[in-house]
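Here is the structure we will look at.
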Amino acid sequence: MSTNSRSNSRANFNNEIHDIGTAQNSSMPPTYYDRSLADIFPPHLLKKVVSEVVSTFLLVFVTCGAAGIYGSDKDRISQLGQSVAGGLIVTVMIYAVGHISGAHMNPAVTLAFAVFRHFPWIQVPFYWAAQFTGSICASFVLKAVLHPIAVLGTTTPTGPHWHSLVIEIIVTFNMMFVTLAVATDTRAVGELAGLAVGSAVCITSIFAGAVSGGSMNPARTLGPALASNLYTGLWIYFLGPVLGTLSGAWTYTYIRFEEAPSHKDMSQKLSSFKLRRLQSQSVAVDDDELDHIQV
């Protein structure tokens, strides 16, 4: 294409954009008007929501069930056993539903993914509702099957509240740092994502459990608190995980190597598991999309 013809094409393209914008009385790019309701609420959103309900239910059922039994009889389940159970259920759920919903199971994780543009904001309330629903249902099922155990794996501070807050921030930072690496970076080993995140949860909860309970998850705390009618230091387990996930995601985003890999490297590094998990995250439209249109 000659220089003159390219210039004319670009001018025509700009005129078309201007005409559309004038007709709609807005400077908003037409891309946003062309988006259908299905783009915002995809047909598979219900399946993703159900996936989050089920996975969060099982997460809370296993972790809080183990903690509840440990609290009533330390000879049946050890502190280490609780941590291993929590790490294993996270690993299993990531492999089971990671390709469907991303296996967030945690409102703070969903928030961090949305803030750093790995998840659409419009779907955040649906994920939060699913996660809290799964947690609350699991907690009341535990209340029924573990009766007369009254405290069902609630997370409460064992010392000053600020000690537990700092612990929750640090352990959740660790979990989110690892999660963002294995879930979004094509250079990370995707097939080991479940093991990496599950191990991070297990390792940090071994020592955090003795101080704060090692929640790392507002949903995991709220359900048992409601079922046990115990709300001591509840704010810690909302503020701490949110600060931890946001700081962990920001840190990995900052140090992430941004140079675009070659097609050959991409095919070698991007595992089938990671590809399916990334495809489950409907990434929001890039604000600079028009800059990449070829004319």
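The backbone N, Cα and C atoms fix where each Cβ goes, and this holds for glycine too.
Copied over from Swiss-Prot:
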{"type": "TRANSMEM", "residues": "49-69", "note": "transmembrane segment"}
{"type": "TRANSMEM", "residues": "83-103", "note": "transmembrane segment"}
{"type": "TRANSMEM", "residues": "124-146", "note": "transmembrane segment"}
{"type": "TRANSMEM", "residues": "164-184", "note": "transmembrane segment"}
{"type": "TRANSMEM", "residues": "192-212", "note": "transmembrane segment"}
{"type": "TRANSMEM", "residues": "230-250", "note": "transmembrane segment"}
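Panel annotation: around the transmembrane segment (83-103), residues 47-49, 51-52, 54-55, 58-59, 62-63, 66, 77, 113, 119, 127, 183, 193-195, 197-203, 205-206, 209, 214, 273, 276-277, 279-281 of the same chain, lying at least six beyond its termini, place a Cβ under 8 Å from a Cβ of the stretch. When each of 49-69, 164-184, 230-250 is checked for Cβ pairs under 8 Å to the transmembrane segment (192-212), 164-184 comes out on top.
Residues 106, 108-109, 111-113, 115-116, 151, 154-157, 161, 164-165, 167-177, 179-180, 212-213, 215-218, 221-222, 224 of the same chain lie 6+ residues outside the transmembrane segment (230-250) yet bring a C-beta within less than 8 angstroms of a C-beta in it.
With a cut-off of 8 Å between Cβ atoms, the residues of this chain six or more beyond the transmembrane segment (49-69) that come close are 76-77, 81-82, 85-86, 88-90, 93, 96-97, 100-101, 103-106, 126-127, 129-131, 133-135, 137-139, 141-142, 146, 149, 151-154, 213, 217, 219-220, 223-224.
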